[in-house]
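K.L.:
Annotation comment: TrEMBL describes 1-34 as region 'Disordered'. What TrEMBL records for 17-27 is compositional bias 'Polar residues'. Feature annotation from TrEMBL assigns domain 'Heparan-alpha-glucosaminide N-acetyltransferase catalytic' to 39-162. The annotation transmembrane segment is assigned in TrEMBL to 45-68, 80-98, 110-129, 149-167, 188-206, 291-312, 324-345, 351-373, 393-413, 419-441.
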Amino acid sequence: MCEGEYHSLPGDAESVTEPSTRAQNGATTTTIPTRKRPRLASLDAFRGLSIALMIFVDYAGSILPAVTHSAWNGLRLADYVMPFFLFIAGVSLALVYKRIPNKKEATQKAVLRAMELVFLGILLQGGYFHGLNDLTYGIDLAKIRWFGILQRIAIAYIIAAACEIWLSPSDIARGSDIRLHKKYYFHWGVILLLCGTYLGLLYGLYVPDWQFKVEKSSGSTITNATYVLETVKCGIRGDVGPACNSAGFIDRSILGIDHLYKKPVYRNLKECQKSESAPSWCLAPFDPEGILGSLMAAVCCIIGLQYGHVLNHFQEHRDRLLKMLWLSFPILVFGLLLAFLGIPLNKSLYTTSYTLVTTATAGFSFCIMYLIVDVYRQRWTSFVLEWMGRHSLSIFILIPSNIAIIIIQGFYWKQPKNNIVSFFHFPYCTFILSCHSLTLLQSL
């Protein structure tokens, strides 16, 4: 599953060596001694910070609502986690594909990596693991969730990888200044194309009225459950509210309403908390990792590529930091300008303003991490985060996806409710216990 020195998404990283031979124009060049390249410690630490934030907001959200996802418009701590991972994916891709001897082979590896993530995402978030209290599992193909966190990262990853493999120039000298960004004009063209397509569909697509089924239990058993058909009135274009946005319409039309996320975050809106007068759409499914938003996720990943290019082409710490800060400031300003002009900061829709603001924040955060870890070499402040970054995919599988809870809860005394998790009533203990499973998981 490894493609190079750095994993380009939540994964377990490992170092590789440079190739000893390279073929160019049908001829083999002089043999180069194989050697290991040093890792970029700050990238591992930043990836570890992202997975730590994910764990924190997942488990602390019920205690500290201020850190959980915004109900609709706005930004909270949890809303930065996904853009951070996508940004890291882009930076890592530029480092992995620093040299591409064979574009077709590199593309095949990228496609395979993306397919692995899609399969793993469907397994973890598609509904296979459920019923934590009664320890049941299995999947109903009529209700499987096709999209999720890893699927979104896979889509962004493959688009960004295609840009890096097929649309990158090969004649950029190290140390080139502003011309570096001009040389990657095809990448910026793809960004503009994706943004234009997204905005055109979000504000130009007509959303008709739609219906969904709500389960009304009339007894104590599932066989007594009945369904009521609810109608949501739309008939509008350009709406960016929870009920009539085109992102939900595209997902309902292509994926099917039964294959969307059943507990969308907009149920935390005030109007949805009114049990008697709540709008009908409050009970409808909506996928925050749907099709339309994945276009902007790819934009975040491609912008991350440009930071990786800075790391590749500049060797001095000062040059790297200045170029990355120079890139972050205009992206942040443009994102805030779009928000001021009326495009809301919305994670569920993954709006353009949200993408730019959070990506710029990721850029600034990475600069701080790079300064502390790689420039001042204060590794004692980040060694835990570096370890988490190198094993981030394993940690994601074990903790945020609740596999650790399932494993631990599988050992009980006489009844499933008599297990370790229920006994301690403290979810953070799963992190400590699951760390012992990482070595075994890595060997699979």
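In case you wondered, yes, glycine gets a Cβ from its N, Cα and C as well.
The shown structure was predicted, so the numbers you read here are calculated from the model rather than taken from an experiment.
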K.L.:
Taking contact to mean 3 or more CB pairs closer than 8 A (sequence separation of 6 or more), are the transmembrane segment (291-312) and the transmembrane segment (110-129) in contact?
P.N.:
no
K.L.:
At a C-beta cut-off of under 8 Å, are there same-chain residues at least 6 beyond the transmembrane segment (351-373) that contact it? List them, or none.
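P.N.:
Distal contacts: 41-43, 45-46, 49, 75, 79-80, 83-84, 86-88, 91, 195, 198-199, 202, 240, 296-297, 299-300, 303-304, 307, 317, 320-321, 324-325, 327-329, 331-332, 334-336, 338-339, 343-345, 379, 381-382, 386.
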K.L.:
Using Cβ atoms and a strict cutoff of less than 8 Å, what residues sit near the transmembrane segment (45-68) while being 6 or more residues removed from its termini?
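P.N.:
Answer is 7, 10, 13, 76-78, 80-81, 84-85, 88, 265, 365-366, 369, 373, 382, 384-390, 392, 395-396, 399-400, 427-428, 431.
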K.L.:
Under a criterion of three or more Cβ pairs within a distance under 8 Å and sequence separation of at least 6, are the transmembrane segment (110-129) and the transmembrane segment (80-98) in contact?
P.N.:
no
K.L.:
Residues of the same chain, at least six outside the transmembrane segment (324-345), with any C-beta under 8 angstroms of its C-beta?
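P.N.:
Non-local partners: 73-75, 181, 240, 303, 306-307, 310, 351-357, 359-361, 363-364, 366-367, 370.
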